[in-house]
Structure formats: C-alpha cells, structure tokens
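J.: One structure, as structure tokens, below. Some questions next.
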C-alpha cells in the first residue's frame, strides 16, 4: 500500500456490510485522524483485535487505536444515549485513552424520532405501500427535521439553554399534533411529549458532550495544514446513498465519497486515495431491487458461512451474486482508485459461485467459477479461482489493492 497519501477515504460500493470496518481499522495505523461524516446508529462496523470483537455504531473505528483522534462530522445524526453506551463498552474492555471530537453542528436524534419512524412504517403497511425497511433508529426523521430547519436540534443548541427551551416548546407542540393524528389514523395510542423532561435530558447530554463538541470543520482544515494524515470513513454504502442509491430504498444521508465534504466541512486541497470496498458476493438489508438475489438453501448456506446478519438490526441479510454492472456505476461515481475485496473466505467454502457480468433482456448474464484450493498459502500464491476473479474485477472496474481472507486485522493481503 502506498504511504505517500496524507488523505484517504473508505466507502462501501454495494449495500453496506462489505467489511469496511476491518479496512478502516487497518488504515488507522497509517493515519492520525479518523472522520465519520454521515449516518448514525443505523450503521455498524464490526472490528476484531485478537480475540476481542467491537461493534461500533457511532464511534469512529479509530478510537480503539491508542494515539488516534476520532471525529464525528456535521453530517452525522447522533443519538447521544447509545453513543455514550458505546464509550462505556469500550471502557469495559480497557479502551480508555480515546480522543474524540464532535462537530458542533451535527444534528441529534431525539426520542420522538423513533416514534415517528415506527408510526410511518406501520401506516405504510396498513395502506399497502411497501415499507422502506428501516433500521428503526430514528435516522430518517432526524434528517427530515434537519432539512425542515425549525425542528432540528444540533449539538451546539445544547449550550444555548434558553433558546433551546423555546425551540423545544414549538417542536413538542408540532410533534404532539402530527404524531397523535398519525397514531389515531393507524389505531395506536400515543403518549404526548412534554417540554421539561426533554429539556432536562438535553441538559444532561450537554454535560456529557462538553469535552467533545467543537468546530470540526476548522479543526480538520487546521490539522491538514499541520501535516496530519486524515482518513474519512463512510457509513452505510454507495448503493444506499440518498441521492445516488436505489431510491427510495436508501438511507437518509450521502454514504458515498460525494458526502465527504458536505458531511465534514472539509474540502481536500491535495490528492486523496479513495478505497472502495467490495464484498465478492452481495448482501443487503431491507427492501429494494436485487437482481442477482438468491433464495433457498444456497442463500442460507452463504448467509450462515458469512454470518450475514445485520450488525445493527440482527436481521438476516438478503444474499446474491456479485453484480459487476452495478459496481461499475458506483466505482465511477466515487472515483474509487483502490479496490479491496472481502468475503473471499466465504466463497472458498463453496464448490462453485457466479458473477453477474451483464444483463440481457433484464436477465443476469452469469460467469461460473469453480472453487478449488483455499488461502493456506495466500501470502505467496492465490488459488486459481481467486486470481481469475481478481483479474475479471480489475478488467471491469479498477485495480485491486488488497484482499481480505478472514475477519481479523492481519488477514488483509496487500497486492499494491
């Protein structure tokens, strides 16, 4: 891997769960600052160090590495209680020397956002409209309130208590009106919110976050000028991007490289190495189009071998073959110049697998790969099927910089 870049980004090129956390954990060793610029508790990064496993939903993965600084950018939707729970879990396993900064203009997921999301999903089912299939973390309503302006609450607002209380009075009146009406429509009960309990909770959050809140945009710009190496990690994935994914079956933020600047307030002034992570089969959680989807025993086999159950929801993920035409779009859009392949150790346990190389009259054109050989000597020689798969991917997409042959940090093999 080239060490000449001071700026790097990591994004998933499919529907999430590609294994980004493992790569970010590895790259953290070559960077000083790790920035999360979108999403919230709806994303989960699983990382292993030795026999310890971390599932971090909001905390930047780099926080588990001593001496590194994690930044949550303004594009993040922060749920403070679960964020503080993550910090407590890290403390329980001995990780206490983390350094964190949170953008003062990041928006907060409020208690009523969960109720709003649940009621909307129930209504969708009742009227026969296919629900999006959210993670039920209040993310969509939080971003909707951000766009509405008069209903969004930011980290900075916690430190203007008089103004916050006035705004909460308006927000509570509005939410109680709309949510009680929605609940009545679907035949559910609704307990109205009161200003004072919400305000007191916000004041407790202010105390907990006071050492973290800062102008993250200026901090990153200053650190770049000082020569710090900065790594940006995208949550969710490109095919779930609010603007460029399979709308409406997407998340509510920009999970592609295109969201990096808007979600961090940082416009790079130098060349950046853009890692795109590809799982060598496909998985997705929730509803939406999936032309290479598998069903039955084969899907179950891959799902179980790959432990394909959501880090956030624990829902079984839908399974399908690798889709090169779809990936060609996301690689190009993200200008991914270094690909990292994951999931190969799952394919190695099959007798054969397929890759979609194109479509004809709406039907997938599949190329068959016969599996023979494992990764016992992968450091010096790859099995033929794996080498052939890499060659196909490079001919259609971009150079493959590394492959992952297992879940641990030391199971990334760098090719260039």
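From the backbone N, Cα and C atoms, a Cβ is placed for every residue, glycine too.
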J.: Which one, 214, 251, 292, is listed by TrEMBL in the same IMP site as 17, 18, 19, 20, 42, 43, 44, 45, 135, 149, 236, 315?
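T.: Within the candidate list, TrEMBL flags 251.
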J.: If you count other CB atoms within 10 A of each CB, which of 20, 146, 315, 317 wins among these recorded positions?
T.: 20
J.: Compute all pairwise C-alpha distances among 17, 18, 19, 20, 42, 43, 44, 45, 135, 149, 236, 251, 315, the residues listed as binding IMP, and give the largest one in whole angstrom.
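T.: Across 17, 18, 19, 20, 42, 43, 44, 45, 135, 149, 236, 251, 315, the two farthest Cα atoms sit 35 Å apart.
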J.: About how far apart, in whole Å, are the alpha carbons (Cα) of residue 16 (GTP binding site) and residue 315 (IMP binding site)?
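T.: Cα to Cα, residue 16 (GTP binding site) and residue 315 (IMP binding site) are separated by 13 Å.
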J.: So which of the binding-site residues is most packed in, judged by how many other Cβ atoms lie within 10 Å of its Cβ, out of 16, 19, 44?
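T.: Going through 16, 19, 44 one by one, the largest Cβ count within 10 Å is at 16.
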J.: What's the CA to CA span in angstrom from residue 45 (GTP binding site) over to residue 19 (IMP binding site)?
T.: 8
J.: Quick check: of the recorded positions listed here (17, 19, 42, 146), which one has the Cα closest to that of residue 405 (GTP binding site)?
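T.: For residue 405 (GTP binding site), the closest Cα among 17, 19, 42, 146 is found at 19.
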